[in-house]
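> Got a structure for you, questions after.
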């Protein structure tokens with residue numbers, strides 16, 4: 001391997017990516033190896049490096065010190081001529097004066113044998129700590145939001161006007177496509193397939209704690225938003241085919257049983273647990289179809305393009321079947337897609353950029369209400385989480401062929 005001082009800018013960029021510091025690739029795109037090892041703390045107090053990381057570049061500087069030691073770079077060389085260092089010695093002469101006699105010091109290449117103190121970087125914690133306690137809190141948050149949603153559906157159901165009094169609102173999609181009775185079952189089957197694929201993929205992920213924590217935070221927030229939108233505006237049923245459950249008129253015991261039945265059935269019509277009306281704005285089915293696809297694509301290798309396309313088709317067909325069944329207004333689906341994709345992209349943009357994890361006047365994303373919980377969940381995650389997989393089960397993997405293809409331990413990102 002070439003010494004660091006001879007590295008090209010491309011080699012420097014590759015080294016940054018290998019060490020999970022992609023945020024430095026753009027500011028250091030023209031840096032050679034010599035420029036890299038010459039970086040000091042002062043460089044991180046000036047633009048553009050001062051805007052990259054919240055730790056003043058300490059992690060990168062520690063990695064550079066480690067790199068110097070790995071390649072035996074000597075930071076404190078004494079610049080002497082080649083060969084043995086000649087030392088001048090005063091020798092008295094017969095006339096009482098002194099002459100200088102040159103003696104070699106016996107050290108090759110003219111270096112003095114001196115003790116050099118090399119700063120050793122402190123042993124830092126893992127860049128991607130699991131922190132299962134935080135993941136459990138995120139799970140409780142998502143579970144609470146899901147339970148609150150079922151309670152809100154039961155409350156809103158009591159306010160939905162009868163379809164004979166308030167007919168369905170006009171909808172452009174309904175004007176062009178007649179209702180297909182079995183379409184909503186296709187939607188829910190696609191959703192269950194996507195959730196199953198995501199669960200299998202999650203089990204094989206190396207950093208499953210971090211990724212599941214992100215999933216719970218996002219899905220919990222989406223269902224919390226849904227509680228608000230369905231409560232503040234109650235829309236009439238989107239079709240005359242709806243047969244809503246009878247209203248209970250304050251019978252809290254019956255409402256509690258209905259809520260428990262809805263939770264046990266996962267809120268799905270295909271399980272017979274969901275026969276209430278009013279939970280239209282916005283579509284929870286669209287949320288799950290969209291969010292599972294986004295997580296599947298984000299945390300799987302780019303080379304599995306066929307897998308991404310299959311999941312995308314399942315998601316798109318499922319969303320189309322929601323409308324084809326006339327079980328949601330078009331605006332319900334549009335709003336659900338918009339909120340889901342934006343929240344997913346905002347969260348991951350903030351999680352992948354260290355500078356966005358620190359509140360400042362320049363960071364406008366720090367003004368969202370969920371920024372403090374975000375900081376708590378993500379503050380110890382350094383950089384982009386690799387798409388790394390491992391076998392989580394005690395029994396070994398069975399190879400179907402004698403020819404084993406070796407690949408990098410870390411999956412392509």
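Here, residue 1 is simply the first one shown, and the rest follow in order.
For all residues, glycine too, the Cβ spot is worked out from N, Cα and C.
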> For which of the residue intervals 100-120, 163-183, 184-204 does Swiss-Prot record transmembrane segment?
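Transmembrane segment, as annotated by Swiss-Prot, spans 184-204.
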> Among the residues 8, 245, which does Swiss-Prot list with the feature phosphoserine?
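Cross-referencing 8, 245 with Swiss-Prot, phosphoserine lands on 8.
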> If I go by Swiss-Prot, the feature transmembrane segment sits on one of 66-86, 255-275, 276-296. Which?
276-296
> If you draw a 10 Å sphere on the Cβ of residue 285 (active site), how many other Cβ atoms land inside?
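Cβ-Cβ neighbours of residue 285 (active site) within 10 Å number 24.
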> Quick one: what's DSSP say for residue 328 (active site), helix, strand or coil?
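The three-state answer is coil.
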> Quick one: find which recorded stretch in 184-204, 276-296, 304-324 has the most Cβ pairs under 8 Å with the transmembrane segment (136-156).
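It is 276-296 that shares the most Cβ pairs under 8 Å with the transmembrane segment (136-156).
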> Honestly, do the transmembrane segment (304-324) and the transmembrane segment (215-235) touch, with at least three Cβ pairs under 8 Å and pairs 6 or more apart in sequence?
no
> How about long-range neighbours of the transmembrane segment (276-296): same chain, 6 or more residues beyond its ends, C-beta under 8 Å?
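Residues 149, 152-154, 156-157, 159-160, 187-188, 190-191, 194-195, 197-198, 201, 211, 215, 218-219, 222-223, 226, 229-230, 233-235, 237-238, 242, 244-245, 258, 262, 267, 307-308, 311-312, 314-315, 318-319, 322, 328-329, 331-333, 335-337, 339-341, 344.
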> Looking at Cβ-Cβ distances, which residues of the chain lie under 8 angstroms from residue 328 (active site) while being 6 or more apart from it?
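238, 280, 283, 285, 286, 322 - these are the non-local Cβ neighbours of residue 328 (active site), listed in sequence order.
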